Ligand code: CAA
Ligand code: FAD
């Protein structure tokens, strides 16, 4: 596998790095403190082509490959993991699913505004009683002939309060279990669709997480994605790619914390020498460096396999499982290296530690990734 970056990929990486430093860094602590969504910054990300990075230019996308996507998410997550999840959901869960599985009419209507960043998308699978156990959907979409009647509640939906279009998963035929599930594109202003209050979170506080309530929402038949009963396969296929985005987010959080810890260790003195010259600190940095590289290689491998059209359920899960652990371990040690300074907001690493935790929970917990990986190796 060749991991030499092309000129175009290096250009994207640099553009994302500059954007993160110039546009995201200045307000990141304030957005975290006040749970403020990065509205202006997301608008600029749209203008830069970051909201539909892998979408075909004929639908308004940037037409990049998955490695470029990993690079951009890593750079943005180094500075602001909240902005990164807005981007990841829009790219991997919403745009990718619509581009791969929707018909031309649906693409023209929904993909074009989503890929250009004119509209933000959300992906609604989880429910109050169905998170990991995603086939136990209680939200129902009853077939009424020319439309479906949607009822139920979705929980924890990223971009929930800011999205214009929502990909919603619901049960149509309970007898058929997961084969009776459908996916729909639902518009924000449809009657009966209500957005619940914003969640007050530990981390990724700049992102916008809400429950969604559907009461007799009429969803036109033409808004169903794929054939009747395709919804669960659709969700799983989309999540396989999404997990590369979250793995890259975790990688970025880890590498951002590592860079700050390295710089700090080179200047902070204790016992008459820079703390990097205390082996206990140098070894922590060595461990971080190795783990981050291993995580990066797993992300690249999954990205390359995705672009080759391979089944990425295992490689995506491996990248997410490992990178999220590295994000957690690295940020905890980055706080430790900063001593008391690591415990206050000004030095960023405490936020990174809080942000890291979610990468072990959403888009499938670490335990779920192990289920996916163990089933995959058992079936080989
Ligand atoms: N890729 C493709 N298909 C898959 C799949 C995968 N990774 N995992 C399961 N499937 C398919 C199976 O092949 C099976 O299909 P068939 O019956 O046609 O063979 C079907 O899905 C059901 O699979 P299982 O019998 O294995 O179902 P299960 O109930 O035992 O477990 C699960 C399935 C893997 C645990 C699944 O429910 C799962 O992934 N849960 C986690 C849900 C999740 O990731 N939610 C994320 C929400 S989005 C989000 O979080 C966004 C964000 O934060 C930003
Ligand atoms: P549960 O499924 O109840 O799990 C609780 C614990 O039990 C976990 O440790 C889990 O790993 C473990 N567990 C469960 N089943 C097993 C098993 N079979 N074997 C071993 N251990 C198991 N969802 C969306 O659909 N769209 C979004 O945009 C979205 N964004 C999110 C943003 C945030 C900030 C958060 C917190 C969540 C978001 N989610 C979203 C939901 C997220 O995907 C779920 O929280 C996650 O899948 C876990 O589900 P749960 O919270 O119901 O936990």
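Glycine too: its Cβ is placed from the backbone N, Cα and C atoms.
Source: prediction; values computed, not measured.
Copied over from TrEMBL, here are the features:
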| type | residues | note |
| --- | --- | --- |
| DOMAIN | 6-118 | domain 'Acyl-CoA dehydrogenase/oxidase N-terminal' |
| DOMAIN | 122-217 | domain 'Acyl-CoA oxidase/dehydrogenase middle' |
| DOMAIN | 231-377 | domain 'Acyl-CoA dehydrogenase/oxidase C-terminal' |
For the domain 'Acyl-CoA oxidase/dehydrogenase middle' (122-217), DSSP counts of helix, strand and coil?
-> 7 helix, 50 strand, 39 coil
If you run through the domain 'Acyl-CoA dehydrogenase/oxidase C-terminal' (231-377) with DSSP, how many residues end up as helix, strand and coil?
-> 124 helix, 4 strand, 19 coil
When DSSP states are grouped into helix, strand and coil, how many residues of the domain 'Acyl-CoA dehydrogenase/oxidase N-terminal' (6-118) land in each?
-> 88 helix, 0 strand, 25 coil
